[in-house]
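*Asks:* Submitted below is the structure of interest, expressed as structure tokens.
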Amino acid sequence: MSSPHRASTTQQLADLSLTEGEHDEGKPLSIDYLQGHEGLIEEVLKWSEHEQLDFMDKIVHRLSHYQLGKVDNFIRPMLQRDFISNLPAHLVELILFNVNSDSLKSCEEVSTSWRCALARGQHWKKLIEKNVRSDSLWWGLSEKRQWDKFLNISRDMSVRRICEKFNYDVNIKRDKLDQLILMHVFYSKLYPKIIRDIHNIDNNWKRGNYKMTRINCQSENSKGVYCLQYDDDKIVSGLRDNTIKIWDRKDYSCSRILSGHTGSVLCLQYDNRVIISGSSDATVRVWDVETGECIKTLIHHCEAVLHLRFANGIMVTCSKDRSIAVWDMVSPRDITIRRVLVGHRAAVNVVDFDDRYIVSASGDRTIKVWSMDTLEFVRTLAGHRRGIACLQYRGRLVVSGSSDNTIRLWDIHSGVCLRVLEGHEELVRCIRFDEKRIVSGAYDGKIKVWDLQAALDPRALSSEICLCSLVQHTGRVFRLQFDDFQIVSSSHDDTILIWDFLDAPPSGLPSSTNRATLPELPNQAAVARAQMLFEMAARREIERRDREVVEEPALRPRANAARRHNADIAAAAAAAEAARGAGDNDESSSEEDLDRVDQVNNPNVAGPAPPQPHNQNHRRRQPRPELPVRLMQEMAAFDNMRRQQNNMDHLGGGDVDEEMPDGGP
């Protein structure tokens, strides 16, 4: 049985021969041809497609120039056939639904019939809706720009809203095609505006261009905002003053304060029903989101609860007591412990989990992976040189931050470290990532944005990975979260900052709260400069004292002793300056062994003696009482700092060397 394609080819050959015969001869075709060509066609149809093409090639090469022109006139319309006009509507719909924006623009310019076909199918609207369903950035942008109300709705409602938007008379009756064209024009103009918004957002992230909103959380007893979570309506924060404060996103006022913890609120998470918080008072509390009532208090850990996560009826908590607790959540009031995981040799600072693994990080410098099904240990991820303060786990990727000032990316299945990111000058306290970016916050007061895809590419240079550094906090960054449009961060400086990359001013135009309006935190260069200035002042003071005692040989040893302390004084000045910038009595996280900090800060605990002067036979002399009081105070401060550092080194040093009065992170 001959195929339709072959029959069509034969018919074309016959028609072509008939046309040319009539033109060339000016008379009907011969009887011999009419009787013989049918048999020839039947014979050609028996050949394969390749044989037919070869046969046609041989014929074409034997045709005259005039005949080739006639063949071209016959074939060209067949190759340029208007399939939009000839195909059934449902096939046209299917074809146009799968083209991209550039192809849609080209289709609009083909002909009026094509433009009408695009209008009937509302293909610009469908392209926007498809992107909104598949891309979180499009979805979020549709809500923030409020064009989501023009999507996924009936045609009549679309026309009404579009007319209202452009101040058209809604009551004017329009025929169906006019309505479709009106909607088509609206969506075809909306699409490039969306693309422009997306391009601007991406550039703002890369350039560190943002609009800043600052929430002042300072109160009589507050000394830092340790944790937070946010949505479009509120920000929930946990503070060192033992409270949870909820902030309204409309006017950024404090709408509610939850009190009950007797220690710093170190971690929290909420959903549409409950807020669950962990504290340095070693308890976990469950709060009703609507009423703010504490409906459950969980007592299990014997020391501070440093982090918690819950999802799908499971909660995991970790503590300074070096353990991890897995809980079953039947309801907000029915939460029972399933199992305790033990294996870390220091405080467990952070946990994360999904339906496959629980991942925990500790001050013992390791990340441990546990099976969610069996709750058994699986493997250890080792590589950080000091304690680990933060991590996030998603898919196959684990990203961790440490007090060795680095960020590491790990493959959870193989345990391989994929990349080490360097750039922070102090402990990396908080870290989050999505499909595009890693955002980290550290004790140097900086927030850094990293390109995740570049970080995963072994060919990428280190200079290409860090997109920007954001400096607005005047204290240590404790916690942050982010989405496609913003970062929300909290700090020891008692503020919550909202970094808006959607409504940022154009690049180069300063904002009222742009980074240039606030001084940066003291960095190494500033500390070195302060040290140099104070050293010069101390040297001048000692030289003046030397001149005074030239005539008094008995006083010269005291001047020499002061000169020997010159370097110590300069270092003490730098340390004092840094301490004043960072704040006093701060809390920190990620201690390798939090107990040892108490030992260091406890004067009753014996430690190694401070280093002796180079000349062991020389007996240290007290400085002259006439020396400036400031010099004496800073010398004493330096001696105390050196003594504490020696004690820390003696105890094994590998972690965060900051004081933790509350035991919180």
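Just so you know, glycine gets a Cβ as well, placed from its N, Cα and C.
Swiss-Prot feature annotations, pasted as is:
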- 584-595: compositional bias 'Acidic residues' (COMPBIAS)
- 655-665: compositional bias 'Acidic residues' (COMPBIAS)
- 81-127: domain 'F-box' (DOMAIN)
- 574-665: region 'Disordered' (REGION)
- 220-257: repeat 'WD 1' (REPEAT)
- 260-299: repeat 'WD 2' (REPEAT)
- 301-337: repeat 'WD 3' (REPEAT)
- 343-380: repeat 'WD 4' (REPEAT)
- 383-420: repeat 'WD 5' (REPEAT)
- 423-460: repeat 'WD 6' (REPEAT)
- 472-509: repeat 'WD 7' (REPEAT)
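Can you tell me where each of these features sits in this structure?
*Replies:* In the domain 'F-box' (81-127), helix, strand and coil residues by DSSP number 36 helix, 0 strand, 11 coil.
Within the same chain, residues 143, 213, 263-270, 275, 277, 279, 281, 287, 292, 475-476, 478-479, 481, 488-496, 583, 585-587, 662, 664-665 sit at least 6 positions outside the repeat 'WD 1' (220-257) and bring their C-beta atoms closer than 8 Å to a C-beta of that stretch.
Taking Cβ pairs closer than 8 Å, the repeat 'WD 2' (260-299) reaches residues 226-229, 236, 238-244, 246, 305-310, 315, 317, 319, 327, 332-333, 335, 587, 662-665 in its own chain, all 6 or more past its ends.
For the repeat 'WD 3' (301-337), the residues of the chain that approach it from at least six positions outside its boundaries are 263, 266-269, 273-274, 276, 278-284, 286, 288, 295, 344-353, 355, 358, 360, 362, 370, 375, 589, 591, 594, 662-665, judged by C-beta separation under 8 angstroms.
DSSP labels the residues of the repeat 'WD 5' (383-420) in these numbers: 0 helix, 23 strand, 15 coil.
For the repeat 'WD 7' (472-509), the model gives a mean pLDDT of 92.
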*Asks:* State the residues, same chain only, that lie 6 or more residues beyond the ends of the repeat 'WD 5' (383-420) and have a CB under 8 A from a CB inside it; answer 'none' if no residue qualifies.
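*Replies:* Cβ under 8 Å, 6 or more out: 346, 349-350, 352-354, 357, 359, 361-367, 369, 426-433, 438, 440, 442, 450, 455-456, 458, 465, 589-592, 654-656, 665.
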*Asks:* Checking distant contacts: for the repeat 'WD 7' (472-509), what same-chain residues at least six beyond its ends satisfy Cβ-Cβ under 8 A?
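*Replies:* Those are 136-137, 140-141, 144, 197, 200-201, 203-205, 207, 209-219, 222-230, 235, 237, 247, 426, 429-430, 432, 434, 437, 439, 441-443, 445-447, 515, 518, 521, 581-583, 586, 588, 665, in sequence order.
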*Asks:* May I have the DSSP-based helix, strand and coil counts for the residues of the repeat 'WD 1' (220-257)?
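*Replies:* Output for the repeat 'WD 1' (220-257) reads 0 helix, 22 strand, 16 coil.
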*Asks:* Helix, strand, coil residue numbers for the repeat 'WD 2' (260-299) per DSSP?
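*Replies:* Counting residues by DSSP class gives 0 helix, 24 strand, 16 coil.
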